[in-house]
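Undergrad: I have a structure here, written as structure tokens, and I will follow up with some questions on it.
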Amino acid sequence: MRTLYPEVTPFDHGMLCVDDSHRLYYEQCGNPHGKPVVILHGGPGGGCNDKMRRFHDPDKYRIVLFDQRGAGRSMPHANLTNNTTWDLVADIEKLRVALGITRWQVFGGSWGSTLALAYAQTHPEQTTELVLRGIFMLRRWELEWFYQEGASRLFPDAWDRYIAAIPPVERHDLISAFHRRLTSDDEATRLAAAQAWSLWEGATSCLYMDQDFIASHENPHFALAFARIENHYFVNGGFFEVEDQLLRDAQRIANIPGVIVHGRYDVVCPLQNAWDLHKAWPKASLKITPGAGHSAFEPQNIDALVCATDSFV
């Protein structure tokens, strides 16, 4: 079974100004003359971490990571202004041009898979391959499954902690109820809602519960960006024209090679998502990891993702 590549440090990093207010942190690792790949983090709002550098062979790949608008080290932190899917798609292109890259592989999981599909369908000529994990397409049923009723029946203990932040009278629409608190003028209200929202996802992302991973979701800096930006996208339907836009436009990536990795026991983004995408994009190979959940860092997901990236060099 494959494991992550050894730790690697960036050979370049900086801040890219993408509009009058947003500045994005980016970094480059691996071989400056290698095959380019851009890593798209989840959330939206999750930001990059050092382990995300390690799915690609650093001797063969030029590995580009960046924090999307409002996330991680990008500024302004947790900001929702001019923060849409299509702003992020444009940002990826601005980063590609700024780094002098002609075409690149696009790698992303969860929300990163959403953004990767949106980017590749908009810029297929610039996309050499797609390596996707934990498919998420922001359809209404997907949001209701995780944030209203569905996953709640598998994790009732974590669910009760999640909904404790919302009075019973508002629980018929939890995404909207959290939105009111995450956009409150009161800092304490925003933080309490952000931590409840973030801990719910942290508690459900792994097949075997990882207490350190869960605790990391309570960090105020992480939680505020993660919850505020996620919720902002969800109340706006991902800023898509129709909820199944990524499936509707799958023909635009029909000839792009790809690998879809999805955990059989992914509670955050059910396997149905990957199945639907694979039927719409048969050129991609689908790898269902039989003993994994949602997290990219579960052993079987790591193995499948590293095998996928190795196959393209």
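Note that Cβ sites are derived from N, Cα and C of the backbone, with glycine treated the same way.
According to Swiss-Prot, the feature domain 'AB hydrolase-1' maps to 35-298. The annotation active site, nucleophile is assigned in Swiss-Prot to SER110 on the grounds of similarity to another entry. Per Swiss-Prot, active site is recorded for ASP266, and the stated evidence type is similarity to another entry. Annotation comment: Swiss-Prot describes HIS294 as active site, proton donor, evidence class similarity to another entry.
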Undergrad: Can you check how the pLDDT averages out over the domain 'AB hydrolase-1' (35-298)?
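TA: Summing pLDDT over the domain 'AB hydrolase-1' (35-298) and dividing by its length gives 98.
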Undergrad: Relative to the Cβ position of ASP266 (active site), how many further Cβ atoms are located within 10 Å?
TA: 28
Undergrad: Which number gives the other C-beta atoms within 10 angstroms of the C-beta of SER110 (active site, nucleophile), all protein chains shown included?
TA: 26
Undergrad: Cα-Cα, whole number of Å: the residue listed as 'active site, proton donor' versus ASP266 (active site)?
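TA: Taking the Cα atoms only, the residue listed as 'active site, proton donor' lies 5 Å from ASP266 (active site).
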Undergrad: Could you tally the C-beta atoms, other than its own, that fall within 10 angstroms of the C-beta of HIS294 (active site, proton donor)?
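TA: Step by step: centre on the Cβ of HIS294 (active site, proton donor), count other Cβ atoms within 10 Å, giving 26.
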Undergrad: Can you grab the distance from SER110 (active site, nucleophile) over to ASP266 (active site)? Cα atoms, rounded to a whole Å.
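TA: So the alpha carbons of SER110 (active site, nucleophile) and ASP266 (active site) sit roughly 10 Å from each other.
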